[in-house]
Amino acid sequence: MFKFNDEKGQLKCSFCGKTQEQVRKLVAGPGVYICDECIELCTEIVQEELGSEEEVEFKDVPKPKEIRDILDEYVIGQDEAKKALSVAVYNHYKRINSNSKIDDVELAKSNILMIGPTGSGKTLLAQTLARILNVPFAIADATSLTEAGYVGEDVENILLKLIQAADYDIERAEKGIIYIDEIDKIARKSENPSITRDVSGEGVQQALLKILEGTIASVPPQGGRKHPHQEFIQIDTTNILFICGGAFDGLEPIIKRRLGKKVIGFSSDAQAEVEEKDLLSKVLPEDLLKFGLIPEFVGRLPVITSLQPLDEDALVDILVKPKNALVKQYEKMLELDDVELEFEEEALREIAKRAIERKTGARGLRSIIEGIMLDVMFELPSREDVQKCIITAETVRGEKAPLLILHDGTIIEYERKTSA
């Protein structure tokens, strides 16, 4: 180990041994000194390490099949949508890694439009993709956006959410994913341009065009318009992947008319239902134009994929199969109180039926289970005599209380204790 000073009493760098006269700067710490040259060397080593991590993060992009396989672990069904998303995401990051040009051929950006009913898995798919790729991710609601100059959020606020998700690391944010939900709500109210100002419709589509395509945007770090004198953050949106999603209620009749079918036909109910279910998969850009999206906006979303409404079987699978399945989560929570939880098959089907009746899809499953489990989860942590709790179909319908199996083998119905 180097001494802190030599025979002449000159201070030395504790790492390289150079004296204070041989270097430009010597920084003192508790019982240790480091020179500017060693600081520079350490900085280079750290930057090299961070650079290689960044390289792995964006260059080792999983292949489309690998992406689809990971999506399968978290999202049930929607195979066509998963395939389309896997290919689009893979191509997007391949394009980034090739610097957008191969042999003077410029590769276009693959922004994605997902069309599907509420609770069909649009947001979950986008979130899971960002987790697979380990990139910053932000969700924005199109209904809160308005044109500049009107009350509401500017489109730049979407970019601020992504920058915040990347901990203000602009380089990372520039390779992130933004999911814009309820995109159908900014459609023009009429197919023909109106003289009346459409503050939250066509104007917002126009405002989104540049950031979807790729531009250097100026983002207010504090958001909104309340701080006009703040310095702006510059961010290049060229390599940000935008995924837009919406239910697009009213799109099916437009597709039917294009296919030459009457909106109200004479086919059997079963056949009509099958056709209705498959209609969204036949969507074309021209249908979206008739719905109220402007041509330039549709052109910025080249990948269009549709999600099917989830049927009873799919909802039951969602409850039990994914890695983060709701039933597994509730089982784990009760397990922490030394109680085993069991949902009977018919109970799961009853929960699925309720979600379909409410038209909430997978999104409504948690609130249904929460309502069933609330009293049980309030009471059981205070009881030490319960070994197992069984949720039956009658429990879900509200006809009977959950069954409790005590440690001595006795089976009783749960009785809600009311406070005096």
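For all residues, glycine too, the Cβ spot is worked out from N, Cα and C.
Among the features that Swiss-Prot reports, Zn(2+) binding site is placed at Cys13, Cys16, Cys35, Cys38, with the record citing sequence analysis. In the three-state DSSP assignment, the secondary structure recorded for Cys38 (Zn(2+) binding site) is helix. When Cβ atoms from all protein chains are considered, those within 10 Å of Cys38 (Zn(2+) binding site) total 18, not counting its own.
Leu124 (ATP binding site): 20 other CB atoms within 10 A of its CB, across all protein chains. According to Swiss-Prot, the ATP binding site annotation covers Pro117, Thr118, Gly119, Ser120, Gly121, Lys122, Thr123, Leu124, on the basis of sequence analysis.
Residues or ranges marked as domain 'ClpX-type ZB' in Swiss-Prot: 1-54.
Ser120 (ATP binding site) falls outside any helix or strand according to DSSP and counts as coil. With a 10 A radius on its CB, Cys35 (Zn(2+) binding site) counts 24 other CB atoms from all the protein chains. Report note: the ATP site is defined by Pro117, Thr118, Gly119, Ser120, Gly121, Lys122, Thr123, Leu124, and the residues of the same chain whose CB lies within 8 Å of the CB centroid of those residues, excluding them, are Gly116, Gly245, Leu307, Gly361, Ala362, Arg363. The binding-site residues shown are Cys13, Cys16, Cys35; of these, the one with its CA atom nearest the CA of Thr123 (ATP binding site) is Cys35. Between the candidate binding-site residues, Thr118, Ser120, Thr123, the densest Cβ environment within 10 Å is the one around Ser120.
Cα of Cys13 (Zn(2+) binding site) to Cα of Gly119 (ATP binding site): a distance of 63 Å.
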